[in-house]
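K.L.:
Pulled from TrEMBL, these are the listed features:
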DOMAIN    13-350  domain 'Hcy-binding'
BINDING   253, 335, 336  Zn(2+) binding site
């Protein structure tokens, strides 16, 4: 029986020190999807103002991932660039002083939003709203507080920007990343991650900015085996990222574990052909997406509110962890759809190599062996690896299609539909989209 929790008492080692020593690093899971389901994040913008508005919700999710086995906690700064926080009027409510009640705060916000909806002439002031710095600082503080409760590192993260999609030049896009980096340096995060990039060009710009900090940089792209949206292959993406200064490369989001591992395999081959070295990283979706097109799960008609039938089981994730490990990936985590129990599955599958189980395994028997205590004999008969390993879960939905037809409009940087705007989408713009998207 492996011990629960790590026995080592040495001080925290850095990310590259751990990976260079062959240690398995377990990332955390998806924040925007988990917090949207819990009522703290708005679907569509997917921005992390919850770090300011509902810090305890963010803190608790960090705690659950830490307990499940994560030893890297990413700051909840996904889409926390200034241009994205302002995009389409998605501003962030200011912290209200302690003397104000929660009800007063909510009424102020509701009344302001009502006025904003009826008049496009309202000017937003710094006293009403906070911007990029406050959100990013709060995210860093929360992640550090929880990481200090265990053997976890804090990673400051940046992601793709509306500025790039709107064809802003290199200097303007890099300035967006620079503002976030200033906060990460101020808060002294342990390392940096450039994640969720569809275009390697923008990812390279992000890495170049993050490298200015002198901290280790990881870079992951949300691509599949076909490569980025401009047709750059996974192998070439990896080569460009390493040459830009990334020490860790891989993929995150958009595709399921199987597709993501295949993409990282292609990245590994590209690096080997170029005689370059880097650690490998994988943080896929916790949804099955064999029917995805080049742009991944956002093209599926079920995105984002009908994806639950596609959720991977904990046993699926154990298989993913083993395949990732066998490929040589040592930074293994998850993205959208990954809940703490999925991270626990990674930690349990790789416990023999790591030498210990996560705290959350205290209440979870390996391969369902706690079911041996169930009152029903047919459920007790499921307390074995062979049963869960070979199970083919049913959807419970009669006549449910096994695959979807992705939308795949084929638009990317520079397309009219992707030009970003701060004002809300007009009724006519929506009608045009509805007409284009025929059911």
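Cβ from N, Cα, C; glycine included.
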K.L.:
Around the recorded Zn(2+) site, report the further residues of that chain (criterion: Cβ within 8 Å of the mean position of the Cβ atoms of 253, 335, 336; site residues excluded), sequence-ordered.
P.N.:
30, 33, 196, 222, 252, 254, 283, 284, 285, 334, 337, 338
K.L.:
Restricting to the same chain and to sequence separations of six or more, state which residues have a Cβ under 8 Å from that of residue 336 (Zn(2+) binding site).
P.N.:
30, 32, 33, 253, 285, 286, 287, 297
K.L.:
Measure from the Cβ of residue 335 (Zn(2+) binding site) and count the other Cβ atoms within 10 Å, all protein chains considered.
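P.N.:
Result for residue 335 (Zn(2+) binding site): 30 neighbouring Cβ atoms inside 10 Å.
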